[in-house]
Amino acid sequence: MKIIASNFKTNHTRRSTQEFCTTLESFLNTQKNPNKITIFPPTTALLDNTFKHFSIGAQNAYFTQCGSFTGEIGLEQLHEFQIQSLLIGHSERREILGESQEFCAQKFAYFARQDFEIFYCIGESLETKNKGLDSTLVFLESQLKGIALDYPKLIIAYEPIWAIGSGISATLEEITQIHTRLKQKLGKIPLLYGGSVKPQNVSEILSLDGVDGVLVGSASWEIQSFCKILENSF
Ligand code: PEP
């Protein structure tokens with residue numbers, strides 16, 4: 001079993017997410033896909049987490065039950081949809097929205113206490129990558145500071161920033177190199193790769209040692225493309 005997750009980012013409306021999920025459910029009804037599938041729609045498009053073949057997760061939430069955190073949602077809003085999965089540490093939130101490591105760790109600690117499944121993202125910039133493997137690993141480890149690696153519902157996604165949305169994924173050698181080293185630290189924690197995964201490369205990426213699944217952005221937004229990714233994933 002592999003883990004296949006789709007991050008819609010700021011794409012899709014509530015209506016189009018509903019259509020996407022209905023089509024996906026029908027598609028998965030017709031085939032025995034052994035994989036664990038999670039869809040992360042935008043907050044306004046969260047749907048009841050009651051689909052048979054996949055889960056709905058949230059791209060973001062604040063570490064609170066409810067309260068005065070303008071623009072954020074908390075546990076109460078997630079519970080309304082029976083949502084139990086959360087993305088934390090995506091590079092776009094770290095870089096564009098300025099989420100610090102301490103903030104990611106606070107979010108993690110709160111939602112781990114709530115028994116959430118946490119998809120926790122790490123990934124280096126091109127500048128860090130160019131400093132070499134050791135520097136890259138030191139950087140990636142710094143993004144795990146404050147994260148309880150013995151939390152049983154933790155899934156880590158390695159997403160090199162330079163490969164996200166570029167259309168060019170890391171090479172199989174690069175993925176293997178980083179995943180092998182990360183696995184030495186992470187042990188049994190599932191480790192996903194993300195960064196320009198698409199129907200054409202998903203199969204070879206999933207076949208690599210140390211790759212337990214993929215987190216997909218742009219190539220998952222169109223249902224036909226996502227179904228192809230699923231077809232090519234087992
Ligand atoms: C992502 O942002 O999580 C991602 C992997 O995006 P893309 O697949 O578009 O590179």
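Glycine is treated like the rest: Cβ placed from N, Cα and C.
TrEMBL lists ASN7, PHE8, LYS9, GLY165, SER196 with the feature substrate binding site. Residues near SER196 (substrate binding site) in space but far in sequence (CB under 8 A, at least 6 apart, same chain), listed by position: ALA163, ILE164, GLY165, SER166, GLY167, ILE168, SER169, SER218, ALA219.
Classification of HIS90 (active site, electrophile) by DSSP places it in coil, neither helical nor stranded. Using a 10 Å radius centred on the Cβ of HIS90 (active site, electrophile) and all shown protein chains, the other Cβ atoms total 28. Look at TrEMBL and you will find HIS90 tagged as active site, electrophile.
If you draw a 10 Å sphere around the CB of GLU159 (active site, proton acceptor), it holds 27 other CB atoms from the protein chains shown. Sequence annotations record features per position, and here TrEMBL assigns active site, proton acceptor to GLU159.
The two recorded residues PHE8 (substrate binding site) and HIS90 (active site, electrophile) have their Cα atoms spaced 12 Å from each other. Whole-number maximum of the Cα to Cα distances across the substrate-binding residues ASN7, PHE8, LYS9, GLY165, SER196: 14 angstrom.
Secondary structure from DSSP puts ASN7 (substrate binding site) in a beta strand. The number of other CB atoms found within 10 A of the CB of ASN7 (substrate binding site), across every protein chain shown, is 27. Proximity to ligand 1 at the level of Cβ atoms, with a cut-off under 6 angstroms, picks out ASN7, GLY165, SER196 from the binding-site residues ASN7, PHE8, GLY165, SER196.
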